[in-house]
Amino acid sequence: MPHRKKKPFIEKKKAVSFHLVHRSQRDPLAADETAPQRVLLPTQKIKDEERRAEQRKYGVFFDDDYDYLQHLKEPSGPSELIPTSPFGAPYRGDGREEPLATSTSGIKLPSSVFASEFEEDVGLLNKAAPVSGPRLDFDPDIVAALDDDFDFDNPDNLLEDDFILQANKPTEEEEGMEIQKSEAEDDSEWEDVDDEKEGGSDDDRYDRAGSSDEDMSAPGKPLGAIENHFFWEEETKSRFTEYSLTSSVMRRNEQLTLHDERFEKFYEQYDDDEIGALDNAELEGSIQVDSNRLEEVLNDYYKEKAENCVKLNTLEPFEDQDLPVNELDGSEEEETVTVVLEEAKEKWDCESICSTYSNVYNHPQLIKYQPKPKQIRLSSKTGIPLNVLPKKGLTAKQVERMQMINNSDLPKTSTQPRLKRESKEDKRARKRAIKEERKERRVEKKANKLAFKLEKRRQEKELLNLKKNVEGLKL
């Protein structure tokens, strides 16, 4: 068979490459949760070497994939708009279309994977940005100081060095009012003394007060205007603050003045003559037992109760009422009545924090920890419980035998010192004797181990039989 060229899966000449980018903030679908937040952006096939060579002409020598030429274009150059499709062929001047190498005729993708055709003027993040620009609700002086437009050279905006002394210094009007007030007080005191001594009529006192007031009254003002109506006695308090509005540190502009007038009008409805019926107030809270207020209330209650209580000092019969004859006769007889007096139980007049934890019927105590009993383990060889039977020491015969072995005076070959000038025959004989001694020791050790094992097993069986009250029988 002739060799056929295999058709490639992707034709590079007709393929179109895309970049997966985030959707623009000005895209209307950026706030849509159902729309994908990443879109496909077609790549522009421009050779990197040509672009870098073009960048070197303008002094850009960065060796990366970023296009720096887009920042070097003339912003005021001539431009011409040519309508074209996003993936269409470029338009040539002779009226023919030059097909691109990357044809999109075979691409069928949904419109949701591409950016929207129409975009908004303001992005989504800029809509949530704080307000910028001039703020009309700010004080003009504050805005001028923030913008460095404050006129520091204006003499009205400057403070004197002794502005504190000038502010505390009383004015001429205040000094005159203080002098008039002091003179009026002195005159009134002397007039009271004269009235007490002479005991004159009200008309005389009125004439003297009038003559004294006329002397210190200001020209052009009546007498009562100065004596009974001073500036500091003017009613300048509001209904809802009890303070003078003019004494506030804030400058009262039109809006604040309107705000104060509305509150004044609102509280005017609740004056004493128009207050009407009010709901009962629900008072909640607590008071200390040893408070002075509570003691005063209790004392007032006891005093009122003592005044209303009527006590009889002597018991006397009514004069107009006659006692019956039966009662007079029965009064002579004495009757014995047995009265059982019970001791009054002592009542608690106080309570401590300990008494809240218990009472006379409940006596709490600590719960003692009882350890869990140990499990009985059985021997895998004999089936006898371990660590239950008492352990016995060596018998008298075994102790005697052990002492005999330990106290033996027979020298052992292994413990004899080796001579420095030992011959070969002596060395062989010594080694042979050591081997025989070790052999005998192993045999003896094995026999002792077996004897001890049998004796231990016999004793455990005897103790077990004694515990179960079973006598051992020999067959």
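Easy rule for this one: first residue shown is 1, then count along the chain.
Placed from the backbone N, Cα and C atoms, the Cβ positions cover glycine too.
Features reported for this protein in Swiss-Prot:
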MOD_RES   SER17  phosphoserine
REGION    23-53  region 'Disordered'
MOD_RES   SER24  phosphoserine
REGION    73-104  region 'Disordered'
REGION    161-223  region 'Disordered'
COMPBIAS  184-197  compositional bias 'Acidic residues'
COMPBIAS  198-211  compositional bias 'Basic and acidic residues'
MOD_RES   SER248  phosphoserine
MOD_RES   SER331  phosphoserine
COMPBIAS  406-417  compositional bias 'Polar residues'
REGION    406-447  region 'Disordered'
MOD_RES   SER408  phosphoserine
COMPBIAS  419-447  compositional bias 'Basic and acidic residues'
COILED    419-475  coiled coil
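The Cβ of SER17 (phosphoserine) has 12 other Cβ atoms within 10 Å, all protein chains considered.
SER24 (phosphoserine) and SER17 (phosphoserine) have their C-alpha atoms 20 Å apart, to the nearest angstrom. DSSP assigns SER17 (phosphoserine) to coil, not to a helix or a strand. Look at SER24 (phosphoserine): DSSP puts it in coil. Counting every protein chain shown, 16 other Cβ atoms lie within 10 Å of the Cβ of SER24 (phosphoserine).
Summed and averaged per residue, pLDDT over the coiled coil (419-475) gives 84.
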